[in-house]
Each structure stands twice: as structure tokens, then as C-alpha cells.
Ligand code: MRU
């Protein structure tokens, strides 16, 4: 697979987390050094680090930062309690992606063995992400080809689910890149993904880096593109998947799924096992992050609405399982609900 960089989107270096600042892309490739739990919480909350698997890995490394700060030899009293409090703050930095709490808990589980063990667990999770991504992408490529036997595909995706959102090649975007590498892709339509433009800024950047033909469209053009026969398959990621297969993902995903079902177009979710939350059945029980109004009432820091205008700004929505053709993880196809043509 063509992979412009083998460097994971985040890593542990000299007692800190080093990551690409996704807020600066595509204009600037700026590295961000996170030395404290506060730094990590802020980076996650402001989307400097974003995408469900990436925020989980950042959270796990954040627990290691806290463990070294509070539980190193020579530091007395209350250390473990302080780390547990930090872990709660890390897990709460964004509420919707279950990967965050999952990864923080997993790292915290090693606290009794000391800071080195916490760090080893967190870095093992980064390594695992490579294998998980590779297996998931291989199953997802097959799932797409099974449903779209035509020689060359026009794909549509939403938000960013590539190497910026994971520690490896990505989920849905990783699948698109693998299909492109196999010569199966004519063009990728990329939803710009309002309001923070993860599609326009990040997915277009990754596709350009990989040399894959793509066009960016406004989110509301997706249904029209489907009606004009410009889309053979929709591929997206997930932030949380319930036991019955309802999927929380970036706002706009639900509308895409409705449009895809209407046009008989396969709608495939690619996400790791760590995105499943089987404690929930009904997707309406997923906590949806509501973000600041100015993300909607401004564009490029310029106000676009009359002063005082309020906004409805959920960061995610829930797509019911009935609208999803397949959910693919590293273990294979979990759920199918074949769309009616
Ligand atoms: O708000 P974001 O940019 O973190 O939202 C990201 C998404 O919705 C992704 O589709 C999801 O996290 C999967 S990333 C592999």
C-alpha cells in the first residue's frame, strides 16, 4: 500500500507525547509536544489530536504522563489517587468516542505495576493499532469489492478516518487508499465536513499525499452526487457502535446514510473493535458532544451570522443499524443490513 509516512500520528519521545497539530493542517505541518495531562486534555478538546483511535492513544499516553508525575520513586502519598483523577479528566475530554475511555482504562489497569508498565501498555496499543488497521482494511476492501463488482469505483467519504485519526493507515480512508493502490478507484468525493472541515483540510491532504484522485464537495452536495451516479459506495468511520449496530460518527453521517439507502448505494462503516460499546443497545443513548456555537456562527474566524445568533452544534450523529450495509472491524464483517436497490 502506498504510505507516504511510516511515522505514527503520535508517539512518545523524551518523556512527552509528540503529535502533529491537526488544527494547523493543511497549511502547516506543526509538531506539538504534550508534557502534562492538561496539555493532553486541551489537545483532545480542541481537536489538535482527533479521530476516535487517536484520542484513545493520546489518552492512554496521558495516563503515563500522570503516572510518572505522581507515582515515580521518591514522590510520596496519594499518587495513585491523583492518577485516577487525571484519568477521569482525560476520559471526559470528549464524551462520544468510546475509544477514549477504553484506552484510558486499559492504561490505568497497569498503574499498580508502576509508570513504566503504564507507558508500556500505552505504547503497545500504538503498535497494536498497526495490526488492527491492516486486518480491518483487508476485510473492508473485500466487503467493498463483494458489493461493488465494477472495475473502477467512485467512493464517497466523510470527516477524516486516515492516518491522522489512527496510529497507522486508518479505517475508512485506509480502505480507500488500499483500493486505490489496487487500481480500483476512479475518484473519491470528500465531504468538506462542516463545521471544522476535517474532510477538506485533512482527508484531502492525505489523499493528495497518496496521489489519489479526489474532489471536495460541500456536505449538502453528497445526495445530489448520488442521484447523478457519481457514487458507488460510501465509506465512513465510527466513534461508538452499540450492541445492535447503531453508529455514532461525525455530524452529517446520518444524512449520508439516508441518502445512500434511498439510492441503493452500499454504506460501509469501518471501525476497530475498540469502537464498540456493547453496554448500549439503542444509539439514542449515546452521549453526543455539543460544541461551541462559534464553530457554526463563524467561518475562518469571521462571524457569518448576526451578533447574538445561537447555534445547534452537535459534533456527531447516530445512524441506525438498519441504514448500514456493513460494519467492518479487524475481526471481519460484524453487521450487515443489505440496502434495497
Ligand atoms: O471530531 P472528530 O474529528 O474527532 O471526529 C472524527 C470522526 O467522526 C471519525 O469519523 C471517527 O472518529 C473515526 S476516525 C478513524
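Glycine residues also receive a Cβ, built from the backbone N, Cα and C atoms like all the rest.
Cross-referencing 142, 198 with the substrate binding residues that TrEMBL gives (50, 51, 52, 94, 249, 250) picks out 198. If you draw a 10 Å sphere around the CB of residue 249 (substrate binding site), it holds 29 other CB atoms from the protein chains shown. Around residue 198 (substrate binding site), taking its Cβ as the centre, 27 other Cβ atoms fall within 10 Å, counting all chains. The binding-site residues shown are 50, 94, 249; of these, the one with its CA atom nearest the CA of residue 239 (active site, proton donor) is 249. Counting only same-chain residues six or more apart in sequence, the Cβ atoms lying under 8 angstroms from the Cβ of residue 51 (substrate binding site) belong to 160, 161, 164, 165, 166, 237.
Among the residues 50, 51, 52, 94, 198, 249, 250 said to bind substrate, no two Cα atoms are farther apart than 17 Å. Residue 50 (substrate binding site) is surrounded by 24 other CB atoms, counting those within 10 A of its CB over all protein chains shown.
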